[in-house]
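Novice: Here you go, one structure.
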Amino acid sequence: MATMEEIQREISAHEGQLVIARQKVKDAEKQYEKDPDDLNKRALHDRESVAASIQSKIDELKRQLADRLQQGRTSGQDRDPTGVEPGDHLKERSALSYGNTLDLNSLDIDEPTGQTADWLTIIVYLTSFVVPIILKALYMLTTRGRQTSKDNKGMRIRFKDDSSYEDVNGIRKPKHLYVSMPNAQSSMKAEEITPGRFRTAVCGLYPAQIKARNMVSPVMSVVGFLALAKDWTSRIEEWLGAPCKFMAESLIAGSLSGNPVNRDYIRQRQGALAGMEPKEFQALRQHSKDAGCTLVEHIESPSSIWVFAGAPDRCPPTCLFVGGMAELGAFFSILQDMRNTIMASKTVGTADEKLRKKSSFYQSYLRRTQSMGIQLDQRIIVMFMVAWGKEAVDNFHLGDDMDPELRSLAQILIDQKVKEISNQEPMKL
C-alpha cells in the first residue's frame with residue numbers, strides 16, 4: 001500500500017502531466033479553428049480525452065489521500081500493538097514492512113497468455129486489408145518503431161490510409177487498422193494485434209513485397225542482413241550443396257553425390273516437421289494463399305530470407321514448419337546478440353546499446369518460437385554460422401571511434417574556449 005508521501009508525489013507528477021495535456025488541448029483547439037477537418041477534430045478529441053483521464057486520476061489520488069488521512073485519525077486506537085494489520089494471519093509482525101495492494105480485478109485468468117496468440121484470427125484480420133496500408137504500418141512499426149511505441153504506449157491506435165476503405169450503404173468509409181501498444185502491465189487477448197505480432201504475421205505473409213521495396217528494419221540492417229540477402233538465390237543453393245558434417249557418409253536417396261549434403265539434412269528436417277504441423281497452421285497457410293499471399297514454401301525460395309527483414313520476434317507461423325526457416329531466424333537473432341556484445345565492449349556504444357547487452361534476442365526468439373509448437377534444430381544454426389557468420393560480422397555497422405588527432409585538435413579548441421568564458425576545468429570530449 002502506497003504511503004501518503006508516495007501518493008502526494010504521484011499527484012504532483014500527474015499535475016505536471018495535466019498542465020502539458022491542457023496546453024496540447026489548447027494547441028489542438030487553435031489548429032481545429034484554423035482547419036476544421038476530421039483529422040484535427042479527432043486530434044482535439046483525443047487530447048481532451050487524455051487530459052480528462054489525467055484529471056480523473058488526480059481526483060482518485062486525492063480521494064485516496066483523504067481516506068488515508070481519515071484512517072490515520074481514526075485507526076490509532078484500533079491498530080494492533082504488535083504492528084500486524086487486521087486480516088493478516090501472522091501472530092507476530094513479519095520482518096518485512098507492508099507494501100502495495102495489487103488490484104486483480106482487471107485480470108481475466110481465462111484469457112490465454114501472450115504465448116498463445118490466435119494466429120489464424122490475426123491473419124484473417126490482416127489479409128482483409130489491402131497491401132499498401134499493411135506495408136505502411138510495418139514501416140511505422142519497424143523503421144519508426146521506437147518513436148511510434150513511445151508516443152502511443154498503453155493505447156490502442158488506428159492506422160488509416162486512402163487505399164483502405166469499405167463501402168457501407170454506398171458510402172465510402174475509411175477502414176482503420178487497429179494495433180495495441182501495450183505497456184509492461186498490459187494483458188493482451190489472444191486475437192489482439194501487438195507490434196510484435198503484427199511484424200511476425202506480416203513478414204510471413206508478404207516477404208516478396210518487402211523484398212521488392214527493400215524494407216529492412218534498422219535492427220536487421222546493422223547486422224549484415226543486406227550483405228547476405230543481395231545474392232540470396234546463389235548463396236542458399238551453394239549452402240544446400242555443401243557437405244553436411246551432421247549426416248553419416250552414406251548414399252542418400254535423391255542426393256546427386258554419394259556423400260550427404262545440407263540439402264539432404266534440410267529434406268530430412270522437412271519430413272519431421274511435416275508430421276508435426278497442426279491443423280490450425282495448415283488452415284492459416286491455406287487462408288493466406290486464398291487471400292493472394294505468396295508464401296515461402298522452402299528455404300531456397302528467392303524471398304525466404306526476407307521473412308526476417310522486419311525483425312520479427314519469432315518465426316512467422318506461415319513458414320514455421322518449413323525446414324530451416326525457424327533456424328534462419330534464430331541465426332539472425334544470434335547476430336543481434338553478437339553485435340550488442342561488440343557495442344558494449346566499445347567506447348562509442350550509446351548507453352542504450354550498452355544496456356541491451358544485458359538482454360538476449362536469441363533466448364527471446366527461442367522461447368517465443370518454441371511456444372508455437374516446435375523445437376529448433378541447433379545443428380542447422382551451426383551450419384548457418386559456419387557458412388555465413390564471418391561475412392555477417394564483417395558487415396556489422398558498429399560506428400567508428402574518433403581519429404586520435406581529430407580528438408586532440410577538438411579538445412584544444414574546447415580548452416581554449418572554456419578558459420575564455422569560465423574558470424572551471426574543461427571537460428573531456
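Yeah, the Cβs are placed from backbone N, Cα and C, and that goes for glycine too.
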Novice: Examine the ranges 188-191, 292-295, 348-351 and name the one recorded by Swiss-Prot as region 'Interaction with host UBE2I/UBC9'.
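Specialist: The range carrying the region 'Interaction with host UBE2I/UBC9' annotation in Swiss-Prot is 188-191.
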Novice: What is the number of residues in the region 'Interaction with host UBE2I/UBC9' (188-191) that are helix, strand and coil, as DSSP sees it?
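Specialist: Residue counts for the region 'Interaction with host UBE2I/UBC9' (188-191) by secondary structure: 0 helix, 0 strand, 4 coil.
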Novice: Report, as numbers and ranges, which residues of the same chain sit near the motif 'YxxL' (178-181): CB under 8 Å and 6 or more residues beyond its ends.
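Specialist: Residues 137, 141, 148-149, 152-159, 188, 192-195, 198.
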Novice: Looking only at the region 'Interaction with host DAXX' (373-429), how are its residues distributed among DSSP helix, strand and coil?
Specialist: 35 helix, 1 strand, 21 coil
Novice: Across all chains shown, how many C-beta atoms besides its own are within 10 angstroms of the C-beta of ASP88 (site 'Important for the endonuclease activity')?
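Specialist: ASP88 (site 'Important for the endonuclease activity') is surrounded by 13 other Cβ atoms within 10 Å.
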